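Let me begin by presenting the structure, written as structure tokens, before commenting on it.
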């Protein structure tokens, strides 16, 4: 592809510059190869302009940069633009070309992974070759690629979308994080519909205020969705009204789900230990659903996913039937096993205040004994949430064990102390493996254990090293050791 063939560059690269052949695109100078277009982006830790000369030496044939970015003596055309992140994403979309025919995106603080996964499963039930992209990876009929980035960078994203389309995927659901939206990573994705789950405290190390955080989320509706496109919004969150207003002002076709929903109205929920009986109204029809997942938040996620599926071609009755077959996303109230007495042990990705509150509230209805929680907070992230999560844990759980999460560059003991300051009666066990084994060993009949914070992750970040660690594997090992001891 020639540089001039990328629409945005027709005027930016006139004459000979436009005839340059582009063989690849990247914003990482270390990945540049001969013929690449390099985007010199300003980041939190580094300015891509510093690496422009190195990119040119490695073979970059043109450079994208901000209008206020000075790049001297690069030896290749430098294309100065108002929004280099947007231009990078659009260039990547045009370079790779193909996308699944039906693309949807879901934003919100919690539930994105589950909604994207559930939407894929409903589509698959209806006969569509479908995929989902997000925190746990890329999943389709031909692949299960695990990773840990909610919204991939635009070059990687558009490469994956092109591959999925080439593999026959026609429908794809993706997560839209506030970082991804703010950094224009989804620009160029041809979206058919979008969704909003909820909003709570998260990424306060990145967004200055909750209003700024909400504004980043709403970019899905006011910048990415075409006018008239369906916007599925969970109606029962404290920020639902703001989301509805933003989507309406953006010209979206707003459809709400939940107890206050006008598209899918939740009428009744009955909780059991591992499933829930749900009644919903769609138009004039009433549907009875046996949802094979625990937790009120999973009902919300399932309804948002059903809404997305219905506005993209799945009949209501088929979508409701599919809900009875849903499998939870990895690490989302994921039942690892149970003790010899039947007490269940879950792992959950809850690493934000509202998510921790949701999961602990969700297991209470089917817990006849104690709710036991093991959790910590990540280093180099929003410090303000630590005492908030400590208070939530001590208020909603009967036994609280505070441990290490991903301390990163911070001193683990300091992180724990900030949680413990508000976690009345909590026990502190820094070693996460020991904390999990301790929690499993104290379980009694009727108890429920939740190990929260890391969910599907397969490593623990200490300093700049990622050590192998899986909450799921450690809980399973602790349950096995307990059973072995019981059988002696």
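From the backbone N, Cα and C atoms, a Cβ is placed for every residue, glycine too.
Binding of meso-2,6-diaminopimelate is attributed by Swiss-Prot to 405, 406, 407, 408, 453, 457, and within the candidate set 381, 433, 482 the record adds 381 to that site.
Tertiary neighbourhood of the motif 'Meso-diaminopimelate recognition motif' (405-408): same-chain residues 351, 375-381, 415, 432, 453-454, 460-464, selected by CB-CB distance under 8 Å and a gap of 6+ residues from either end. DSSP assigns residue 110 (ATP binding site) to coil, not to a helix or a strand. Averaged across the motif 'Meso-diaminopimelate recognition motif' (405-408), the predicted model reaches a pLDDT of 98. In the structure shown, the C-beta of 112 has more C-beta neighbours within 10 angstroms than that of any other entry among the recorded positions 112, 217. Within 8 Å of the Cβ centroid of the ATP site, not counting the listed residues 108, 109, 110, 111, 112, 113, 114, the chain contributes 106, 115, 175, 197, 198, 301.
For the pair formed by residue 408 (meso-2,6-diaminopimelate binding site) and residue 111 (ATP binding site), distance between Cα atoms is given as 25 Å, rounded to the nearest Å.
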